[in-house]
Amino acid sequence: MNEQLTLQSTQHEETKTVPLRRRKACLAGTFALFAACALVLLIPHPAYAGIIGDFLDIPNMIKTWLLQIAATLFNTYFGVINQTLDAKFISGPFNELFGTTEPYGVVKDFYQAGVIPVAHAILGLFMLMQLIKISQRIDATSTLPAVKDIVFLVVTYCILSYFIDNALDLVSAIYSIFNDLVGNVSDKLQSKNWYEPGIKMTKDDAADATFGGCFLLLIFGLISWAVGLSFYAVSMVVALGRSVQLYVYAAFSPIPISLLGFEETKQIGIGYLKNFAAAALAGVVMVLILYLYPHLVTALAVSGGLGKAEMLGLAQGVETFDSFGVIIKTIAVLITTMMGLVKSGSWAKEILGA
């Protein structure tokens, strides 16, 4: 009986202890939760709301990307055109038109080994023809030729033989005259700033822009970029073509020079010298055209040069027609300049009457 009472008493005490432990555990958990909340509030943490907000603002983000791509295209366009306007690839010593003396060495070897002997043969043939004419005159009149005819023939042969042997130096001297003129023009003419360098677009710029304006600006950026690369390629082709033309003319220079001393063929030699001088003068014409370009842009398109204001005007729909006109005129002037470079050779011939 006593053992049963003792067991019931023990079970009753354990029953009271379990709820007490649970209450203590709940209090401890509540305290830990409040402590964690306080700790979170006290420790600084990054604001993710801005990032999420930017991510959710997809239209403005897309417009920013479009403006940035357009700005990159225009900056590339400006850089390519500015590098082309430098015009350093047009001038240079005659033996280094391609930046090295190796092509000139090939021309000189061809000139010495293949062309000079042919020119001397042509000169000898014409001397023989002149002697035949003199002998025919002797047979017709039965008199000796005048001393002046013999002296003139000998002097002509000596002069032409000297020019044939030194024809490359002769045409190089002609080129140097016009090359010095290119240097003088480059020193006198001042290039004008026709664009705003380093254009950057931000999300603030895109806030007031329209999708249509951004796409239109991007299209004009692509067109300008393509025209700029075409302008650079055409400029290089024209300049390299002129250099090749000068070297080909120089390589065959002894042949037309050998024809200068005779009445029947001297126009061939004179025409050759005019054409060579025109090819050399074409470099001066090209430099003048390239230096004219920025002045034409500021005179016809925009006085302060093409920049961010005109681009944003098109993208934001503010003065769209004016911004549209500025970009179109800039491209039109560039195409006109490109055509001028292509025709520089023919213009030089017209100047010299060749």
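Each residue, glycine too, has its Cβ placed from N, Cα and C.
Listed ranges 30-47, 246-263; the one TrEMBL annotates as transmembrane segment is 246-263. Across 144-164, 210-234, 246-263, 275-293, stretch 210-234 shows the highest tally of CB pairs under 8 A with the transmembrane segment (324-342). Taking Cβ pairs closer than 8 Å, the transmembrane segment (210-234) reaches residues 59, 62-63, 66-67, 69-74, 76-78, 80-81, 83-84, 311, 314-317, 320, 327, 330-331, 334-335, 337-338, 341-342 in its own chain, all 6 or more past its ends. Only residues 6 or more beyond the boundaries of the transmembrane segment (246-263), in the same chain, are considered here, and those with a CB under 8 A from a CB of the stretch are 94, 97, 103-104, 107, 110-111, 115-116, 118-120, 122-123, 126, 129-130, 156-157, 159-160, 163-165, 167-168, 170-172, 175, 269-273, 275-276, 279-280. Taking Cβ pairs closer than 8 Å, the transmembrane segment (275-293) reaches residues 81, 84-85, 87, 90-91, 171, 174-175, 177-179, 181-182, 185-186, 189, 191, 194, 235, 238-239, 242, 245-246, 249-250, 253, 333-334, 337, 340-341, 344-345, 347-349, 351-352, 354 in its own chain, all 6 or more past its ends.
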